[in-house]
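Take a look at the structure below.
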Ligand code: ADP
Ligand code: MG
């Protein structure tokens, strides 16, 4: 921002702040407003829809300016953060009333989309990750920090994988040590050495080497250091928890396309949670639980033992729904304790936060007791590590008022009865009028002056006024202060004392309440880790209860998860589709292994249920890996290492990119990374190019997967030619979606059976969709010829060259096949018809036939 030559001291202050926080919009506190100036004001007024004014009278040339009220700035802040902006908050650091000269100001926090911890800014049930990407010559090292919970995850990555990993965490903000595009200014360039990062990170955690953190690879120091620096930069006092290295051995690797095509937590229509796997499984009672459920769905487990542990707990709740209901009821009163714990640890919590914490932890002893009483060792284990936090609940309950204000400087925080001095101050405030009236009454009686009044003015404070006629009765102890027309004004020491107390009571009370509150806050902060642990257990319990409830509600069964290489599903249903068409859903089976059923090629007409079948298999496999029950009558699921999906290019070219190119890039990613233990879902690949190209590519991809990769693969295609692979290749079988043809109409059975669809039903589907009869007739004619003559080598149909000379017979046949006259003929009962009627019918038919 250009700085004009002559500026006021205050604007000087502004420019200094702005200089220091160049990447952020500056909220500059002035009186009751946060003001923005210059370019900041222009940007903010657009996003916030607020009026742009000018600092100078000269509206044309003056500096643009806009402001938001400080008591409601949060809502505005959220909008700016959502728009991807950073905001630096510049506050007044001293009381303006007491400031000599210009009020001291300073930036007290910088908020960025990935590091907001204030409740209002965060959508419920989402992690708030920011990502740090460190690229070295050899590889990538990623760190994901949740600024609201302090969690820190580390992942190794390569050029090929880092984007997929990023998409799994959906970070709100990314910090890199390299530039992505020219001219991009926000990135931490690599001006720190690995050695320096190592030193700083070791210091941060107070360990001698990263080995103590369970990290063999010291290169992880770099992204961790970037995270620490980022938190420093935004002045967020969040202590990162010990890092957790997430490796491929621990979880099923989902590529970024898989989580979106399978619509795990977001649907592809509008990006909301409707019609997602999450929405079907989510019966959680807490925001912590719903956010953990999402995490589990995006990070399925790869350990039979860990999966069975979850299953067993869920199973207990399925069998003991009375207990499950009781636990759920307790959980429903639990707030987002994890998030509150972070604000506590960051010293950013207010009294309301503590009350929320208390209201949540209040149920913990009951929860713990209920878990202890469960007749299940795994749940008892949970109970053992669950800290009921009675001491903290007790402390908050005894000290903090039940309904405190959000501000910390205006009292109303400490509960009556907790501190004698505070009670006295409150008493003085509240009873001051009472006490004054009592003094007045007492003095009236003792002096016998009935007109005596206790009054207040700014000059003397409290005084006693006696009218002229009664001056002789005034006792010696009264100190005269002023003579007025009608009498005299006096003070007495007692009144003076009371006055001091009353006038000071407020400020004393507020200061004392604040002091006591910060003491309590500190005490609670020291226990932040205990709070987090209990919160994590409550969240886990919530998800397992949710699994149990979804299983009961939707009639799921417990999958048998094994280390084998097979997937056998009996009567499987698509968990989301079945919700919408409950009664008419047709269950299907699948059997796959790495031996004789590696690749299943699925053919069938449009709308017959191919895509649904593919996704059903992937979803059931994935659900089994999260510990959930599955929509099937039975399922045996061998662990998979990755789930890949690729759905053929749709005709949506809105992006301007060649979708076929995208399709091939993604397919190449799959072919390079899939293993024998992977599950591949390939839905109509090779669609976005000419027929010969498409068949050839799809064919060779299918062969490569079956012979080289040997991954379990479901391959839906409309190229029937490809089904020939089953004749030559090993481990390949053909499946088809069953369709019945009844009087020229298609009936989708939605049943997947062994075999191949021998015919393209595209034309029938087109007819069902209401295309003009003439188009359908002609298409049928062309098809007949195509089937006879095949294609020319460059993919052009021989038959399509001319509609006329390709033999009328085929055409006529087809016309009659579908003609209403044929229907009439069928209905005709020749035994009950006179010769005359027959002639009439014949004439009518001829007329009809000629019209067509
Ligand atoms: P395709 O991929 O073969 O074109 P889809 O899988 O998209 O077909 O299925 C089309 C529609 O058929 C779905 O939207 C769904 O409503 C319905 N459907 C699919 N599978 C089943 C099933 N097993 N039972 C009932 N309806 C189904
Ligand atoms: Mg489909």
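A Cβ is built for glycine as well, from the same backbone N, Cα and C atoms used for every other residue.
Whatever TrEMBL says is automated annotation, not expert-curated.
Taken straight from TrEMBL:
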BINDING   604, 605, 606, 607, 608, 609, 610, 611  ATP binding site
DOMAIN    678-694  domain 'DNA mismatch repair proteins mutS family'
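Feature annotations (TrEMBL) mapped to structure.
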residue	record	Cβ within 10 Å
604	ATP binding site	28
605	ATP binding site	21
606	ATP binding site	18
607	ATP binding site	17
608	ATP binding site	25
609	ATP binding site	24
610	ATP binding site	24
611	ATP binding site	20
The domain 'DNA mismatch repair proteins mutS family' (678-694): DSSP-derived helix, strand, coil residue counts: 4 helix, 5 strand, 8 coil
Environment of 604, 605, 606, 607, 608, 609, 610, 611, the listed ATP site - residues of the same chain whose CB lies within 8 A of the CB centroid: 737, 748
Cβ under 6 Å from ligand 1: qualifying binding-site residues of 605, 608, 609: 608, 609
Listed binding-site residues with Cβ under 6 Å from ligand 2, out of 604, 605, 606, 607: none
Residue 611 (ATP binding site) - helix vs strand vs coil (DSSP): helix
Across the domain 'DNA mismatch repair proteins mutS family' (678-694), average pLDDT on the 0 to 100 scale: 82
DSSP state at residue 604 (ATP binding site), helix/strand/coil: coil
